[in-house]
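Scroll down for the structure; my scribbles are underneath it.
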Amino acid sequence: MAAKTADQFSELKLNGLSDSKKASSAASKQNGTTADASDQDSDDNDEDAPAANGAENVAIAGDKKKKKKKKSKKKKTGTAGAKVQSDPPRVPVSQLFSNNTYPAGQEVEYVGDQQYRTTNEEKRHLDRMRNDFLTEYRQGAEIHRQTRAWAQKNIKPGMDLHEIAQGIEDCTRALTGHQGLEEGDGLIAGVGFPTGLSINHCAAHYTPNSTSKKWVLGQQDVLKVDFGVHINQRIVDSAFTMTWDPKYDNLLAAVKDATNTGVREAGIDVRVGEIGAAIQEAMESYEVEIDGKTYPVKAIRNLNGHDIVQGSIHGGKSVPIVKSNDMTKMEEGEIFAIETFGSTGRGYVQDDMEVSHYALRPDAPNVPLRVSSARSLLNVIKKNFGTLPWCRRYLDRLGQEKYLLGLNNLVSSGIVQDYPPLVDQKGCYTAQFEHTILLRPTVKEVVSRGDDY
């Protein structure tokens, strides 16, 4: 989920993995001590035989019983004991991985002054102490990979954005095992933030509201898919771009290269301004020809990556994607979303279109709310989302009605932060790629890395 420039951002404190393990299922065969129906028939025939041959017949019958093979009982099917994923994905990943052990992300050793961390015993001990933290992040990342694999296979031109968003969110909730319909359930695990489905010149923060006009994905569209998964409010934030015409390939290549450059440059004690310079250099070394016209690929200078803290998608630090004098350092134990955006337009975005994304501000002021619907809505938000981002579709899903007056009051009071869609100039095309990285004491783990990107 995108972060705007540092001055605007400060308002809110708020995958290779080709070795992913899939457990194989084996039907258990049950052995009984009672003979089946055919054995019983044989026994009856033996009892009717002449007495003179009784002893011999008993012996033969006994041998037959010993040689009889019992028919194996078929194991009942169902998701409770499933060891393979369904299509669409509906089996919680906790049922697919034994002992709660999930695939690690791409682990990259630190270099330079930080190289000692790989073998340092103290750092290794600190790493082991955070086992629960790693398990939660890796579980969320596996859910993200399985969900996006389904999305990449099934999203096609002609689909309505409502349908796409619903499909991704249904997968996420099913794989976490938390539907989020009961009070507090969505805070245990589930959707990390609303599914971003931003098209063409819209770079970020668009998801359809229930009342939004039908928006059908076109063959010539450039679609950014940005969604999050959380386990215990530890958010995995990762995004990718989809197109159905090869003319956009170089645009996507530029942004993917830029994101991978940011991931490579990131590390403990690295200054974020230096990362931004490396990202911009990679991004802007590309150009793309679209319909006979050549465009330079520009980094969108007022969009950034960001750190992530438990319960909040934007923690307070930003990672620029252009060169800057920001001397802020990344630190051990921090989590960052390294995301980059490229554009064939101005390389600058502004707010536009209908707002759908919202989040309760952790630093919200304690102000009196005179609108009763605002007070009741605030209670719903706290109990169901906490400080995790949400959208109006999620309120509708919980059965909330006629809440717009109260919602607007919460926004104007500074209690809830709204996130309007962010757009470049009309007619241009934008692309996005993003990964979540963990700055562990011993290695940097690109936890969301997959075979796709």
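For all residues, glycine too, the Cβ spot is worked out from N, Cα and C.
Keep in mind the model is a prediction, meaning the values are calculated, not measured.
Straight from TrEMBL, the features:
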REGION    1-94  region 'Disordered'
COMPBIAS  64-77  compositional bias 'Basic residues'
DOMAIN    137-347  domain 'Peptidase M24'
BINDING   His205, His314  substrate binding site
BINDING   Asp226, Asp237, Glu434  divalent metal cation 1 binding site
BINDING   Asp237, His306, Glu339, Glu434  divalent metal cation 2 binding site
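Asp226 (divalent metal cation 1 binding site) sits 9 Å from His205 (substrate binding site), taking the CA atoms of both as reference points.
Report note: the divalent metal cation 2 site is defined by Asp237, His306, Glu339, Glu434, and the residues of the same chain whose CB lies within 8 Å of the CB centroid of those residues, excluding them, are Met1, Ala2, Ala3, Asp226, Ser238, Ala239, Gly305, Ile308, Phe336, Ala337, Ile338, His435, Thr436. Within 8 Å of the centroid of the Cβ atoms of Asp226, Asp237, Glu434, where the record puts divalent metal cation 1, the same chain has further Cβ atoms from Met1, Ala2, Gly196, Phe227, Gly228, Ser238, Ala239, Ala337, Glu339, Gln432, Thr436. The two recorded residues Asp237 (divalent metal cation 1 binding site) and Glu339 (divalent metal cation 2 binding site) have their Cα atoms spaced 9 Å from each other.
Here the Cα atom of His314 (substrate binding site) is found 13 Å from that of Glu339 (divalent metal cation 2 binding site). Summarised as a single figure, the pLDDT of the domain 'Peptidase M24' (137-347) averages 98.
Of all Cβ atoms in the protein chains displayed, 29 besides its own lie within 10 Å of the Cβ of His314 (substrate binding site).
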